[in-house]
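Colleague: For reference, TrEMBL lists these features for the protein:
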type     : residues : note
DOMAIN   : 46-247   : domain 'ABC transmembrane type-1'
DOMAIN   : 314-514  : domain 'ABC transmembrane type-1'
TRANSMEM : 49-74    : transmembrane segment
TRANSMEM : 81-105   : transmembrane segment
TRANSMEM : 132-153  : transmembrane segment
TRANSMEM : 174-195  : transmembrane segment
TRANSMEM : 228-246  : transmembrane segment
TRANSMEM : 275-297  : transmembrane segment
TRANSMEM : 317-337  : transmembrane segment
TRANSMEM : 358-381  : transmembrane segment
TRANSMEM : 393-420  : transmembrane segment
TRANSMEM : 441-460  : transmembrane segment
TRANSMEM : 493-514  : transmembrane segment
Amino acid sequence: MRGWTWLAIALTVPALVPLLATLAALFRPDEATVQHLWQYVLPRAGINTLWLLLGVGAGTAVLGTALAALVALCEFPGRRVFSWLLVLPLALPGYVLAVAFIGLFDYASPLAGWLRESAGTSLPEIRSRGGLVAVMTLSLYPYVYLVASQAFASQGGRAIEAARALGMGPWRAFFSASLPLARPWIAGGTLLVLMETLADFGAVSAFNYDTFATAIYKAWFSLFSTDTALQIAAVMLLVVLALVALEAASRRRQSFVSVGATPAQRIPLGRRGGWATGFCAAVLVLALFLPIAQLLAEGIAHLDDIDARYLRTVRNALSLAAMAAILTTAAAFVVALSAREQPGAVTTTVTRITTLGYGLPGALLAIGLYVPVAGLSTWLAERHGLDLVLEGGLVLLLVGYGIRFLAVAHAPVAGGLLRIRPSLLEASRSLGVTGTRQLRTVHWPLLRGSFATAALLVFVDTMKEMPITLMMRPFGWDTLATRVFELTSEGEYARAAVPSLAIALVGLLPVVAMTRRGTR
């Protein structure tokens, strides 16, 4: 095997550590810990998590499918603009949307006060299960919207036209012909939403809603019991594996092709097009424009918070994100290059293992990585007198980011490598250009765009990442995401608008760039 392959194999070691450590917890349970979990923790966290999965799953499936069907199958005013604008809420983390919605609709908000005084009525309680489901639905529906749009676009209007030719009305034609063809894609997008919902830490923390993710944090930092946290993570992992299996099964069924040789015309909605425009606009207002306006208003009102500490927090966030982007993109290049130069079972397995971390919740990954590394650090200190404190530094935090986001960087880098013709590499080798020289003179010029895309995606995801940063950061090392958590934990939702707005603006950059590129 070549050197790149051995290096890629070495990268599987840190990727496997949290998974194996969490799985091992299932086979060595502590009786007292398990009894405590079943009596006090798992029933509440499990039921809350189940209700959240059901609510957000149903909400995103309905909303994402409805928007996708309108944009892909119908013609109405503003359709082209909405086709990419409706993706933008994906840039806002759920906890940023939570901060904005609590500031807008909480009992003490100006809007709620005005309604009580002028109309004698009050808003529904936003800090409730229903409020959390609504916020997360608005945050995550683009996952379903994106895949359902592709499914409906591949059909064009021909499935509906064929059904209409059989005498069906428009609604019956959609539900009987078009929707069943898109069902596997919709199921796949919904399962991705369920995985994101299960992994969410920030939004549920802002709503003070206990789930498996928050239970891991409380066991670790309130009860100071990493064993308890690891047992909860093991239960959470079983749910993750079940969702991964379902998602893989749904992906295998996504094999439909375009209906007809040429795309059919979209269905003109005529006078009803105004309703479609209004519906899409209302979703965008609630999911994007209103939250950003709220964050802007609160941010301007709390500009005094931008002091030396805040600037230090921004510097920490930017430096961490930059380091994670560079290191993770480099690791993704190693994995992708080994698979390209030596395809086979070994490199395929390496790719699957190293990209597995993106499907693991951040809280699970943090405890699964921390416990074995802390154990190794203790063993080295006791047996060999090496006081390395491996678990308390930036290195382990960056490793955690790398495990979590290598899949994000791998996709654009691997895609870029596929565009380099093998004949070009063979020609360079025949001229004596090999090794690092080939990387510098052939790969780098041709992959700069792919590297930039990968690094940008990892940079933004690292800026938004809350649980890994919160649980694994060195003492006193605050970032924008951890600052949002601290302020919302103290009930300071208005002050949390300043770091939330910064995260939202950073998150919008790659989404705007990529969606605009996709519409050209």
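Each Cβ is built from the backbone N, Cα and C atoms, and glycine gets one as well.
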Colleague: Look at every Cβ pair spanning the transmembrane segment (441-460) and the transmembrane segment (317-337), keep those 6 or more apart in sequence, and say whether at least 3 of them are under 8 Å.
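Modeller: Result for the transmembrane segment (441-460) with the transmembrane segment (317-337) is yes.
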Colleague: Honestly, do the transmembrane segment (132-153) and the transmembrane segment (275-297) touch, with at least three Cβ pairs under 8 Å and pairs 6 or more apart in sequence?
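Modeller: They are in contact.
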Colleague: Give the nonlocal contacts of the transmembrane segment (358-381) in its own chain as ranges (CB under 8 Å, at least six residues past its ends).
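Modeller: Result: 14, 17-19, 21-22, 195, 198-199, 201, 212-214, 216-217, 220, 226, 229-230, 233, 236-237, 240, 244, 387-391, 396, 399-400, 403-408, 465-468, 471-472.
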Colleague: Cβ pairs under 8 Å only, please: of the recorded stretches 81-105, 275-297, 393-420, 493-514, which one is richest in them relative to the transmembrane segment (49-74)?
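Modeller: So the stretch in question is 275-297.
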Colleague: Thinking of Cβ pairs under 8 Å, which stretch from 81-105, 228-246, 275-297, 393-420, 493-514 has the most of them with the transmembrane segment (317-337)?
Modeller: 393-420
Colleague: With a Cβ cut-off under 8 Å, give me the same-chain residues at least six positions beyond the ends of the transmembrane segment (275-297) that come close to it.
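Modeller: Sequence-distant neighbours of the transmembrane segment (275-297): 63, 66-67, 70-71, 74, 76-79, 82, 85-86, 88-89, 92, 96-97, 99-101, 103-104, 138-139, 141, 269, 497, 500-501, 504.
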Colleague: When you scan the chain for residues with a C-beta under 8 Å from the transmembrane segment (493-514), skipping those not six or more beyond its ends, what do you find?
Modeller: 87-88, 90-93, 95-96, 99-100, 102-103, 106, 206, 291-292, 294-299, 301-303, 305-306, 310, 313-314, 453, 456-457, 460, 463-464, 480-481, 483-484, 487
Colleague: Should anything in the same chain at least six residues away from the transmembrane segment (393-420) have a Cβ under 8 Å from its Cβ atoms, list it; otherwise answer none.
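Modeller: Residues packing against the transmembrane segment (393-420) from afar: 11, 14-15, 18, 320, 323-325, 327-329, 331-333, 335-337, 339-340, 351, 354-358, 360, 362, 365-366, 369-370, 373, 442-443, 446-447, 449-451, 453-455, 457-458, 461-462, 465, 468-469, 472-474, 477.
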Colleague: Give the nonlocal contacts of the transmembrane segment (228-246) in its own chain as ranges (CB under 8 Å, at least six residues past its ends).
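Modeller: For the transmembrane segment (228-246), the far contacts come to 19, 21-23, 25-26, 29-30, 33-34, 36-37, 41-42, 45-46, 49, 191, 194-195, 198, 212-213, 215-217, 219-220, 359-361, 363-364, 367-368, 371.
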